[in-house]
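Database features, via Swiss-Prot:
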- HIS147: heme binding site (BINDING)
- 61-198: domain 'GAF 1' (DOMAIN)
- 229-366: domain 'GAF 2' (DOMAIN)
- 380-573: domain 'Histidine kinase' (DOMAIN)
- HIS392: phosphohistidine (MOD_RES)
- 451-573: region 'ATP-binding domain' (REGION)
Amino acid sequence: MTHPDRANVNPGSPPLRETLSQLRLRELLLEVQDRIEQIVEGRDRLDGLIDAILAITSGLKLDATLRAIVHTAAELVDARYGALGVRGYDHRLVEFVYEGIDEETRHLIGSLPEGRGVLGALIEEPKPIRLDDISRHPASVGFPLHHPPMRTFLGVPVRIRDEVFGNLYLTEKADGQPFSDDDEVLVQALAAAAGIAVDNARLFEESRTREAWIEATRDIGTQMLAGADPAMVFRLIAEEALTLMAGAATLVAVPLDDEAPACEVDDLVIVEVAGEISPAVKQMTVAVSGTSIGGVFHDRTPRRFDRLDLAVDGPVEPGPALVLPLRAADTVAGVLVALRSADEQPFSDKQLDMMAAFADQAALAWRLATAQRQMREVEILTDRDRIARDLHDHVIQRLFAVGLTLQGAAPRARVPAVRESIYSSIDDLQEIIQEIRSAIFDLHAGPSRATGLRHRLDKVIDQLAIPALHTTVQYTGPLSVVDTVLANHAEAVLREAVSNAVRHANATSLAINVSVEDDVRVEVVDDGVGISGDITESGLRNLRQRADDAGGEFTVENMPTGGTLLRWSAPLR
């Protein structure tokens with residue numbers, strides 16, 4: 001018997017139950033397809049994250065690592081612009097690595113971000129920030145002129161253990177959509193790997209720098225053990241420090257009187273410079289009171305500065321600086337200054353500690369060289385005294401005996417010519433004895449000869465320099481080895497140079513440096529109007545002749561910044 005309802009169903013149409021089953025199957029297939037697409041997309045993004053992590057951890061150079069982090073982060077989330085801001089010790093941005101902005105636009109924008117606005121919010125509170133419209137954030141301060149428009153934003157801190165190294169900034173997702181939760185998770189994972197990569201790169205650079213520091217210290221020590229003059233130490237310190245820090249310039253300032261106690265030093269003089277700095281800075285004086293350099297010298301404490309209160313000329317504008325005392329036992333030999341250009345980041349704590357240790361080791365080498373020089377001088381003086389005693393006790397006495405014998409024999413000579421020859425020989429013996437006595441006197445006067453030269457030069461300055469002319473004098477090296485002839489030359493050179501500065505240059509300051517190494521050097525720098533050709537040919541001809549007579553060199557030139565630089569040198573005899 002057929003059911004009445006079933007009899008009314010159209011035999012050609014599918015049953016209702018079958019239709020519903022097909023609909024559910026279609027929905028299930030679509031859901032499965034979506035899930036598969038999500039799985040594939042997730043796998044692709046995970047593969048992209050792994051590739052990004054491998055890319056940023058493959059190198060050990062810090063600059064290259066920072067750029068790799070920015071590039072891979074932008075690629076990972078399809079961001080048009082990316083940047084990494086490095087935080088300094090005072091939470092300011094000290095370095096800003098960017099991608100997506102061409103150099104022409106970068107030049108039009110001007111200075112790099114300093115950490116204001118939304119960037120500053122991430123610096124003050126280092127946690128992820130994701131914005132659909134950056135302009136709507138309460139901390140937003142807008143963009144500078146010529147800056148490309150940016151709307152979507154994703155910022156994530158980069159940490160090295162408990163330290164926030166910097167922040168990773170990404171803007172303008174390529175499809176115009178806002179950054180998603182998945183984007184944030186991926187960038188956070190990348191930032192974690194970036195912290196490890198940066199830490200490894202920093203450790204590698206620190207190890208290389210420490211190796212260079214050890215090598216530089218060894219080089220200085222080797223030079224000192226080889227008998228280098230203490231004046232050479234400061235030149236080595238400046239050159240090695242410049243190489244270590246890869247900075248713009250270095251300089252060394254020491255007391256005007258290296259024998260005065262540190263508490264009695266009022267001024268320091270810059271005796272050595274290296275790098276991109278004007279040679280005119282050499283011999284510049286720096287007051288101990290009221291200056292950064294003087295404060296470090298007085299306190300014997302290494303310090304760093306964002307900008308040094310010292311006007312120095314050079315091709316680059318000086319910026320961050322390290323000021324390091326050259327400490328040796330209970331003395332301070334001077335101050336070492338390392339300068340970076342104004343557009344470079346400040347020095348770090350680790351760099352300060354490392355360079356302070358280098359300065360201490362260098363000062364110890366200077367102390368060793370000074371002690372060796374003093375010991376050599378004592379040995380020389382001891383030998384002089386011994387030779388003088390031998391000459392007096394043996395040679396002169398024997399010559400006297402010979403002379404007395406000849407005096408007794410002369411009257412008995414019958415031939416007049418022989419008698420005259422004997423008397424002539426007696427006179428020669430008297431002259432020889434007198435010359436030996438003079439030599440003995442010079443040998444005994446050896447310790448005071450340096451003092452005599454210094455006294456003679458100081459006397460010249462006192463006689464010729466006028467009160468309105470600010471004059472500084474620096475003596476370096478063993479003046480005790482300068483003989484009388486060279487001392488006379490040095491006095492004449494200084495007299496002529498100071499006289500010209502007073503009479504012709506209209507100078508207000510005069511810097512004098514007298515040094516003794518393998519030769520005697522006299523340098524005189526003034527800030528006057530320069531020297532004309534006629535004065536050079538007439539008034540300075542004598543100095544050129546003195547240099548020729550002594551086998552040395554003489555130059556005089558106008559400096560680009562104004563004033564005159566006079567150099568005279570002659571080899572030691």
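Placement of Cβ uses the backbone N, Cα and C atoms for every residue, glycine included.
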For the domain 'GAF 1' (61-198), how many residues does DSSP put in helix, in strand and in coil?
51 helix, 38 strand, 49 coil
Segment-level pLDDT (mean, integer) for the domain 'GAF 1' (61-198):
85
Helix, strand, coil: count each for the residues of the domain 'GAF 2' (229-366), based on DSSP.
48 helix, 44 strand, 46 coil
Rounded Cα-Cα span from the residue listed as 'phosphohistidine' to HIS147 (heme binding site), Å:
90
